[in-house]
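Sending over a structure as structure tokens; questions will come in a sec.
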Amino acid sequence: MKIFLLCIFLILCGTSVWAKDKHYYIGIIETAWNYASDHAEKKLISVDTEHSNIYLQNGPNRIGSVYKKAVYLQYTDENFRTVIEKPVWLGFLGPIIKAETGDKVYVHLKNFASRPYTFHAHGLTYYKEHEGAIYPDNTTDLQKADDKVQPGEQCLYILHANPEQGPGEEDSNCVTRIYHSHIDAPKDIASGLIGPLIHCKKDSLDEEKEKNIDKEFVVMFSVVDENLSWYLEENIKTYCSEPEKVEQDNEDFQESNRMYSVNGYAFGSLPGLSMCAEDRVKWYLFGMGNEIDVHAAFFHGQVLTSKNYRVDTINLFPATLFDAFMVAQNPGQWMLSCQNLNHLKAGLQAFFWVQDCKKSSSEDNIHGKNVRHYYIAAEEVIWNYAPSGIDAFTKENLRAPGSASEAFFEQGPTRIGGSYKKLVYREYTDASFSNQKERGPEEEHLGILGPVIAAEVGDTIRVTFHNKAAHPLSIEPIGVRVDKNNEGTYYSPTGSGPPPSGSHVAPKGTFTYEWTVPKEVGPTYKDPVCLAKMYYSGSTKDIFTGLIGPMKICRNGSLLANGRLKNVDKEFYLFPTVFDENESLLLDDNIKMFTTAPDQVDKENEDFQESNKMHSMNGFMYGNQPGLSMCQGDSVMWYLFSAGNEVDIHGIYFSGNTYLSRGERRDTANLFPQTSLSLFMQPDTAGTFDVECLTTDHYTGGMKQKYTVSQCGQRSEDLYLYLGERTYYIAAVEVEWDYSPSRKWEKELHHLQEQNLSNAFLDKEEFYIGSKYKKVVYRQFTDSTFQVPVERKGEEEHLGILGPQLHADVGDKVNIIFKNMATRPYSIHAHGVKTESSTVTPTAPGETRTYIWKIPERSGAGMGDSPCIPWVYYSTVDRVKDLFSGLIGPLIVCRKHYLKVSNPIKKLEFSLLFLVFDENESWYLDDNIKTYSDHPEKVDKANEEFMESNKMHAINGRMFGNLQGLTMHVGNEVDLHSVHFHGHSFQYQHRGIYTSDVFDLFPGTYQTLEMTPKTPGIWLLHCHVTDHIHAGMETTYTVLPNEEIKSG
């Protein structure tokens, strides 16, 4: 996964007054844990249940569903004899620790396990001697005692619920945090040592319950990787009937030990999630794990509010912390599932029960009122992913030998090519289904998608569905109120009665669905006028087959009679996804129809499977999508939505223009499985621009289109007045870059963890490259002679491989005098800025060129942003290879005069780029093999282990504590970026101020975070993705005592 992050601001907070002392007696014990629960195994009918045996059945070389684990338990007192029972739905999670702002929490930890562990808290303040995490931090003696609690030993951890760690202004009363063991955090957590910590605003609890909340639940979505557990060897010996036959490196064995679970329960076996209809329910959610842990937690039949926005799906990633509120509706048995379609098949679901307790309903009965009736059929088509046969970006034939597109469009004995039989939704005029509605020019861009279903709050949506295909199908809506008969899917446990007829409509059958839009599912006061939603057929394979369409749910009175949004010139719906044709219901038909030797096709062949993964938008690839055209100055709404699996992490970049979403100014929108966004754009420059996914594999695989902005009679000149002017002299310079100049921190870390690990990324071994690579970087010079480089100051030392940190205010014109001192063509282009042309001209080696970036209002902060927002600049000659070769830097744009008027004190600014530099994609790979490999003649560039050794998990181009210069004083105002900060929380703007200590970053993401350090020490800063931690994406930052603050 390619993860970006750029820039932070700190805010000074007041001192805390301790309110209450709270004591928790926590023991670590070892136990046998059953992922299928001790209840009868529940198999889900809507899911491909053959998968359950892969994970739950033991055998000669399979462990099965029971594993030895270490877990946290709560005891009544310091004698550690009497266990306090926890709710059954917590599974193997530790007990809930709760604190209000101002409380002082004492955690008395006793280790009953057979190896050392610790207790490390997120979201509370602690001094170094109570951190519970082991890494090289210059602590000794008493300050080290907390870092490793040996078997049989005890340790006291003292934690403070400071205001700056507590809920922000716009946060809910209680927010989700976590605690876990932190000797080797990924292995400790995989072994079971993880639990919830809930930090509440002062006076928001009543006898440990949040006021005005009837029920609360904590859920962790995780692919628990038992291959990483400290107890793997023991589990093999105990539960495999022929342990000597186990090959731990076997991929199938490893997959059988990845337990797709909610709180440690798989395949719907989590007990105890029960509530009454009309109960006010608070959900605390978090994710943990690895790159595979891309979760979309979907609450069937319900709609929630999170951060004051209306949601039904919550995206969770490793160490993502969320809370959400719902009023339970619709009595019945509903599924809480991960809508990552691979995870759904593998058992990541739970049931929750909404019981009819005869409470009076809070919702208006709008059934049958303001009916909008749609007639939709599912039918077969032959779909061509690129009708022109041409790559609109390179002008090459899509089957050109050696092109990136050839793998997907080649047709032959065992290749299907670019056309597939698919199923699609299409709209008809009436219930006879004889006259299909023609799509007008404004709908041309919809492509493979079904018709737009539009509704306002107060409406009833009636959909008469006719199945013209040969498979049972349905329509399942997202974001409206449904009952069990109209849900469009079925997943109840075996033996619970026949499925409702709307859950699967037989071939040639017809069913009329009825859904309602009460105000409780409509936009909140913070939401846009229309919420982007979707509908699809209710089986995982159906979506990949093509059955998905857009829906929008709008405020009352906001739509015209034809369903278009008032006061908007254009509306576009985009569905970026990797259509996995291997999962299509029609795969066998496509093999027979399009391959010339179908009997020779091996459906398990990796190259064959890859050729069928179509990286598309609305079913179009490589710029073949029609209809994305608008006029300069138009008011444009973009509705984006996605579905799929863990590869469907999208950073959708709109070149040439910016948009507003939830008050924030951006040009790159992040999408995940079953998420949707509404974006507002007013294009201000005529030309042809790109809309593309910045996830590297998706971009090269064809997930990119063109959109056109025409003058339409408008004046083309830029009338904005640019009063400020800045000039920067930037060169592209080739350097030798060392990702790990010192191995001292890394080796000390492994010594402290008592592990003797080799490093596939940094060790050269026989033919690997090691830690040094030839790269190209942006560097600043004093003037146009490019003779004297600008020396980096102490506060810029942290930038590492990044180019200079450039600054501009709204109203500025920025002149970039760029000299290419490298050996191949490069350029420099920034996100967010306005340029005269949509084309970025390459600069040849030895040449100098001027690039002009204008900073109009639409390049600056939105009303929901921090005053200064980060953008990124890089070379676009070959966006992928240029980036991985090293060309990237930060641009900070502030509101006009912000730094002069509002911020007279100079803040520290830290820009951090979290990126897996894939050196296999560098222009200099061959040079690096020749220069740094001990045996270049033995190198096989296609060897998987060699390729993996060149994926450098770095922060600003440094690994394992090698990033220098992150130093600040207590009370400093600082600008920072990162994923998880030990010791401190930060604030971030999201149309209001929120607090966390973990921030999620995705392709093309930049975010300003604000933090005021309070606690001196050397603290860990790292990515919380398991593989990234082990691969070295971690460093430390230093908080020095403020000499002006007197001790005590």
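Positions of Cβ are set from backbone N, Cα and C atoms, glycine also.
I grabbed these lines from Swiss-Prot:
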- Y55, G64, Y67, S256: Na(+) 1 binding site (BINDING)
- H120, H980: Cu(2+) 1 binding site (BINDING)
- H120, H180, H980, H982, H1024: O2 binding site (BINDING)
- H122, H180, H1024: Cu(2+) 2 binding site (BINDING)
- K128, Q143, D146, D147: Ca(2+) binding site (BINDING)
- H182, H982, H1022: Cu(2+) 3 binding site (BINDING)
- H295, C338, H343: Cu(2+) 4 binding site (BINDING)
- 370-554: domain 'Plastocyanin-like 3' (DOMAIN)
- F408, G417, Y420, S611: Na(+) 2 binding site (BINDING)
- 564-712: domain 'Plastocyanin-like 4' (DOMAIN)
- H650, C693, H698, M703: Cu(2+) 5 binding site (BINDING)
- 724-894: domain 'Plastocyanin-like 5' (DOMAIN)
- F761, G770, Y773, S949: Na(+) 3 binding site (BINDING)
- H977, C1023, H1028, M1033: Cu(2+) 6 binding site (BINDING)
May I ask which residues of the same chain, at least 6 positions away in sequence, place their Cβ under 8 angstroms from the Cβ of F761 (Na(+) 3 binding site)?
Y739, S771, S949, K951, M952, H953, M959, A1031, G1032
Around the Cβ of S949 (Na(+) 3 binding site), how many other Cβ atoms lie within 10 Å? Please give the count over every shown protein chain.
22
I'd like to confirm something. Which of the binding-site residues, K128, Q143, D147, H295, C338, has a Cα closest to the Cα of M703 (Cu(2+) 5 binding site)?
H295
Using the alpha carbons only, what distance in Å do you get between Y67 (Na(+) 1 binding site) and H122 (Cu(2+) 2 binding site) once rounded?
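Between the Cα atoms of Y67 (Na(+) 1 binding site) and H122 (Cu(2+) 2 binding site), the distance comes to 27 Å.
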Fewest other Cβ atoms within 10 Å: which of the binding-site residues Q143, S256, S611 wins that one? Let me know.
Q143
Nearest to K128 (Ca(2+) binding site) by Cα, among H120, H122, M1033 (binding-site residues)?
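Going through H120, H122, M1033 one by one, the Cα closest to that of K128 (Ca(2+) binding site) is H120.
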With Y773 (Na(+) 3 binding site) as the reference Cα, tell me which of the binding-site residues G64, H122, D146, H182, C338 is the closest one.
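Sorting the binding-site residues by distance from Y773 (Na(+) 3 binding site), the top entry is H182.
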In Å, rounded, how far does the Cα of M1033 (Cu(2+) 6 binding site) sit from the Cα of H182 (Cu(2+) 3 binding site)?
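Cα of M1033 (Cu(2+) 6 binding site) to Cα of H182 (Cu(2+) 3 binding site) measures 16 Å after rounding.
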Can you see whether DSSP assigns G64 (Na(+) 1 binding site) to helix, strand or coil?
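The three-state answer is coil.
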About how far apart, in whole Å, are the alpha carbons (Cα) of S611 (Na(+) 2 binding site) and Q143 (Ca(2+) binding site)?
55
I'm trying to understand the geometry here, so how far is the Cα atom of H180 (O2 binding site) from the Cα atom of D147 (Ca(2+) binding site), in Å to the nearest whole number?
12
According to DSSP, which of helix, strand or coil covers H122 (Cu(2+) 2 binding site)?
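Going by the DSSP assignment, H122 (Cu(2+) 2 binding site) belongs to neither helix nor strand, so it counts as coil.
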